[in-house]
Amino acid sequence: MPVVTLPDGSQRQFDHAVSVMDVACDIGPGLAKACIAGRVNGELVDACELIDSDANLAIITSKDDAGLEIIRHSCAHLLGHAIKQLWPDTKMAIGPIIDNGFYYDVDLGRALTQEDIELLEKRMLELAKKDYDVIKKKVNWQEARDTFVARGEDYKVQILDENISRDDRPGLYNHEEYIDMCRGPHVPNMRFCHHFKLQKVAGAYWRGDSNNKMLQRIYGTAWADKKQLNTYLQRLEEAAKRDHRKIGKQLDLYHMQEEAPGMAFWHNDGWTIFRELETFVRTKLKEYQYQEVKGPFMMDRVMWERTGHWENYGEHMFTTSSENREYCVKPMNCPGHIQIFNQGLKSYRDLPLRMAEFGSCHRNEPSGALHGLMRVRGFTQDDAHIFCTEEQIHREVSSCIKMVYDVYSTFGFEKIVVKLSTRPEKRIGTEEQWNQAEESLAAALQENGVQFEYQPGEGAFYGPKIEFTLHDCLDRAWQCGTVQLDFSLPGRLSASYVGENNERKVPVMIHRAVLGSLERFIGILTEEYAGFFPTWIAPQQVVVMNITDSQADYVQELVKKLQDAGIRAKADLRNEKIGFKIREHTLRRVPYMLVCGEKEVESGKVSVRTRRGKDLGSIDVNGFIEKLLIEIRSRNLHQLEE
């Protein structure tokens, strides 16, 4: 006689085993209709799962995050159902959920076209609208294998042979004549899977191994209702308009080419943004009392073996050799900073020592994972390492947190999700060290009024960490900032200082990054602002245009005056209509366009327009420069008169 306890504390008693769906029906028809799955004693299960002993139960609906994930997973099965109807010889591989959707890897024997994708989506919708029940069967390993051997599903057979124990009872989900294998849970009926969209097809190696066959990965998105789907598709459309690769080309910021995959060729305007970003960060380094250093581009492989990087990260490192020595191009800056720390005797009075670098790093990322500036092989880290005592951890972490929020607020990022990752099962250091470290990080966050969530067991083996994930205007998440404690690396590389009692002690090292990678952060900013960079960081801040040749000298004089004031300005003296010039520079997102005609020459003023189309009228030149300099120096996000 199971007693089922619901989330509100109420209980229902049954005189026999009941399914999750039975309990939902007992509560009411509305909940039964909405029931997708259940959470029994904390574990997600199918709606058909039997409860035969006392249990805690939460009914999962499409309003729950878990419910939406289940809908997406079932849409992957729906895709499999449709593709096997259209192309029966297709071999199905894996079909997991991902952020906002799902994919399925398939072996079709030919490349899918856009027409194929449209046909596939149409068939999926036809099947979903039949509102058929999804039937789950738990079978023994041999029956599952026989099922997929008979169906010619080689990849499913391989999964069974290599990844599933002979003692397991795999779950087979029956979608009419189509059968798929999955841990589940899945929707009980396809009425939950009406709102989806297939998005794209890409290549993917079986099991992610380039030695295996290349499969086709079909991506899709799925939502609980039509409104959610349309909202997401509109967001995707807006994201496509803001794509930093597209805008980077339009604004002539940078380019990539095959001869240097994952490494940017910065053009003048893009490099201007890069240098402005560096200058801004340098002001913060000075404000927060950091030294700026520069380590070597590469070091002997022996160094990376000592740090443990070669063993754990070697496949992602570029190497070269000279005079029978093997060198590794650095993927990160920390070992170099410890070498600088080790030069000369250090006392506890020298700590904390804050060391920052705009380090040029390289990582051998897979070519298929490269994506504009967001995923590169060559990048610049705004990296810093703080060497301190255990007693100084709290204060230093608190300072790092302040710096992170200080920087992000300058760019207008307000939604920042913070996570504190705590000790993993396998770790170094004493329990006392971990207790103090975790308490110091949590206290520093609380001291700064930062809301955060714990990620138990997700810290590195050498120390806990804080992750800062900023959300952009489209609510996309970008993990940028980190504050990571390290009890291991300083000791591995023989870093030490003399304590108060003249004993040798190993410093704690705090790894700290704010922007992460400058390249990636510029990509994020490009998409956040859609290329409308705040004036202080805009590559061209002002363009001055003449209407006829008679204003050319006045324009040149004005440009020189602007440049002498430290404003990035240029002249446009082309023999084109003024409307054409304005349209062109508007498309180039130049913050201010100054128009000079006879009236302006006579009055010594300028006619000012913004890139958003606002006409600020005729303004005194000196007054305009004064206001513009205030906007630039304050790093204001808004333009004059906005």
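Just so you know, glycine gets a Cβ as well, placed from its N, Cα and C.
Per Swiss-Prot, the candidate among HIS267, HIS385, HIS394, HIS471 that belongs to the Zn(2+) site alongside CYS334, HIS511 is HIS385. DSSP assigns HIS511 (Zn(2+) binding site) to a strand segment in the three-state reduction. Sorting each residue of the domain 'TGS' (1-61) by its DSSP state yields 14 helix, 24 strand, 23 coil. Taking the Cβ of HIS385 (Zn(2+) binding site) as reference, residues of its chain lying under 8 Å away and at least six apart in sequence are, in sequence order, ASN333, CYS334, HIS337, ILE338, ARG354, MET355, MET509, ILE510, HIS511, ARG512. Across all of the domain 'TGS' (1-61), the predicted model scores a mean pLDDT of 94.
Each of MET332, ASN333, HIS337, ASP383, ALA384, GLN484, ASP486, LEU489, MET509, ILE510, ARG512 belongs to the same chain as CYS334, HIS385, HIS511, is absent from that list, and has a C-beta within 8 angstroms of the C-beta centroid marking the Zn(2+) site. Under the DSSP three-state reduction, CYS334 (Zn(2+) binding site) is assigned to helix.
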